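Visitor: One structure coming up, written as structure tokens, with questions to follow.
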Amino acid sequence: MSKGVLVDLTKCIGCGSCTVACKMYNENKWIEDRQPTSGENAKLADENWTVIKTVTVEKEDKAVWRYVKEQCFHCIDPACASACFAKAFQKTPAGPVVYYPDLCVGCRYCMVACPFDIPKYEWEKSLPYVTKCMMCSSRVEEGQSPACVAVCPTQALVFGERQTLLEKARETITNNPEYVQHIYGEKEVGGTEWLYISDVPFEQLGFKTGLTEKPLSSYTSDFMKYTPIAGATWAVILGGIAMFNHRKDKVSRDEQSHQHLEHNQNSTDEETRRSE
């Protein structure tokens, strides 16, 4: 059976331990000036595979904070995988949806297909890849929890078999009427490995609601029959981009070398004039 994570938003204190663990485990950079990992402006980005977003909501006529952990939902039937003709996205039996950059051609169909807007692109790199949370797949394969779950101090994140987590979530919201009577991720787009329960309506927390319960992969099948042609086209385009970037770097290095030689020559001429 596949593994998943149950997120109880009533227990999250916004400490950010999960974001730190994610950065350390995946060796991602900290770029807080434009890619904050916490606060109201927190956002997923090429170096941010998970963030804790602070959301202010009204509850019982009072303004309260809720901290929402965001990352890939790891769909049971992922649209990103079905849209990727290069097979760079693959769903594993253990649960994680894994991305293989060596197979990626940079078409970004995955970004269009994802209903949660999860995959991000390394726009600032000359040869960019797509990035996203991979649920620490190597740890999960060994029966260990993802790094973010392992460091959560309040048990807001619980790792286990998806079916067991669903039973736990149902018991929690049934026995506690203050919870919203809905498990986010149970049925959305065919179901996801990451499940959420909350005491505040999900739409107020920024979750995408009103999603179909049908896996989105079923909508991509007709489109994908045209991808062999697209794949060949992209291979030519990306090959050209790679050659252009290589040429641009070489020209830049040659210009710097030429400028360095000119500077040295000017310095030598100046010293000669002074000695005369």
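From the backbone N, Cα and C atoms, a Cβ is placed for every residue, glycine too.
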Visitor: In TrEMBL, the [4Fe-4S] cluster 2 site includes CYS22, CYS133, CYS136. Which of CYS12, CYS15, CYS148 does it also list there?
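Guide: Looking through CYS12, CYS15, CYS148, the residue TrEMBL assigns to the [4Fe-4S] cluster 2 site is CYS148.
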Visitor: Which residue of CYS104, CYS107, CYS114 does TrEMBL report at the same [4Fe-4S] cluster 3 site as CYS72, CYS75, CYS80?
Guide: CYS114
Visitor: Against which stretches of its own chain does the domain '4Fe-4S ferredoxin-type' (95-124) lie, if we need a Cβ under 8 Å and a gap of at least six residues from its ends?
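Guide: 2-4, 44-46, 48, 71-75, 78-89, 130-137, 140, 162, 188-189, 193, 208, 211, 216, 220, 230-231, 234-235, 238.
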Visitor: Below 8 angstroms Cβ to Cβ, which residues of this chain, lying six or more residues outside the domain '4Fe-4S ferredoxin-type' (3-33), approach it?
Guide: 45, 47-52, 54, 65-69, 71, 74, 94-95, 133, 135-136, 140, 145-162, 165, 168-169, 172, 179, 192-200, 205
Visitor: Going by DSSP, is CYS22 ([4Fe-4S] cluster 2 binding site) sitting in a helix, a strand, or coil?
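Guide: SS state of CYS22 ([4Fe-4S] cluster 2 binding site) = helix.
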